[in-house]
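For reference, the structure is listed below as structure tokens.
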Amino acid sequence: MRNWLVLLCPCVLGAALHLWLRLRSPPPACASGAGPADQLALFPQWKSTHYDVVVGVLSARNNHELRNVIRSTWMRHLLQHPTLSQRVLVKFIIGAHGCEVPVEDREDPYSCKLLNITNPVLNQEIEAFSLSEDTSSGLPEDRVVSVSFRVLYPIVITSLGVFYDANDVGFQRNITVKLYQAEQEEALFIARFSPPSCGVQVNKLWYKPVEQFILPESFEGTIVWESQDLHGLVSRNLHKVTVNDGGGVLRVITAGEGALPHEFLEGVEGVAGGFIYTIQEGDALLHNLHSRPQRLIDHIRNLHEEDALLKEESSIYDDIVFVDVVDTYRNVPAKLLNFYRWTVETTSFNLLLKTDDDCYIDLEAVFNRIVQKNLDGPNFWWGNFRLNWAVDRTGKWQELEYPSPAYPAFACGSGYVISKDIVKWLASNSGRLKTYQGEDVSMGIWMAAIGPKRYQDSLWLCEKTCETGMLSSPQYSPWELTELWKLKERCGDPCRCQAR
């Protein structure tokens, strides 16, 4: 017996030492214990617990109330469940960095790009394009030329114009100039130039007045010049004209050399004339620019306070993964890829469920359906899929990087489930996968490369509605989510209570 004890003692001591070292090992980098400003570091490889499902909840930094509602509804139910509590891991996905540009000073509310207006040209008309003195007046063969632009601060276009040939005596052409709003087939206004009706000559252009509309911030338009004659237009490459942006209130949109032209361009990209515009609301613009320094100071202070609140929230609930991303709408696809990498490198799991913090989720119903339909194989994607979804070229969902008119099939973002091997593929390629305007369409484009088995299920609702048996439903306020869950707990149905 003593001999056996002598042999066993070193084993017992070794096991105890190994366990002690594990307990003292640091938490995963950028997981719940890490501060929101920490960099995403190498993840530890130790994976202590296996989970059937990892749930990733995309959440904005300031959505404290939505996260708390989730913690008090379906997450609380999950943690109190006798079996599911050990089978599911739920994490909120939050960008470690807030945007350092105040919302009022961004080009749009969806990105973190500074609206860089300096020394605006106020109370006078501005020629959008001008030619240098030594520009030659060669005649290209292009009969249709167009250029696109984006308005960054409200302007009014007063005139449309065309270039003329210096060798001509007077105006000897027939040209139509149209201005379109992006993705619209009908022109906002038209100017027609002909020898008997050529307008007014200003510098090297002929101009005609047009009906005046205020073009608002974020307006995207295209000007098209079309020759009605057999010979082409007098036009220039965009690099050979001077763009007068009024101090930064508009931007010409170019495809760039060697790139595919934008879908809404007609003919050849270039300039065959110009337009005259004025800047609107000049006093308001000056006030905005003068108040920027103080606004930035206040905003940075608020960011520090937000960091502290997030760190405290994370330490209390231990359910946040901070990913090394500036937290804006345009960066949501990058947030998701970072979370996939975190999941693979820190967690042992079978399936991953992605949802948003404004969504109702019934995890018990999800598990029941997995068992009923045997939804746990490899190369597997379970959701409610949109097919032939048109690509938007303007607005919040603007997509200029994906050239096709329609996206590949993609699952609605309110909830979908993917198998572990797909998560691993996404994680291993996260540094090379191009991100597009939304995480749902980005996922569809990425998945088109590997062709997973799609399981269509309409119970992952795409729109804000309530259906008995639904697995998810999006776009709810904190109060609405609370009410849905109250009905679910009281009556077994989040949509209604049957009269007894």
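Note that Cβ sites are derived from N, Cα and C of the backbone, with glycine treated the same way.
Swiss-Prot lists N116, N174 with the feature N-linked glycosylation site. Taken from Swiss-Prot, the feature topological domain 'Cytoplasmic' applies to 1-6. Here Swiss-Prot flags 24-500 as topological domain 'Lumenal', drawing on sequence analysis. What Swiss-Prot records for 7-23 is transmembrane segment.
Averaged over the topological domain 'Cytoplasmic' (1-6), the predicted model has a pLDDT of 39.
Here the CA atom of N174 (N-linked glycosylation site) lies 39 Å from the CA atom of N116 (N-linked glycosylation site). According to DSSP, N116 (N-linked glycosylation site) is assigned to coil rather than to any helix or strand. Its Cβ taken as reference, N116 (N-linked glycosylation site) is surrounded by 12 other Cβ atoms within 10 Å in the chains shown.
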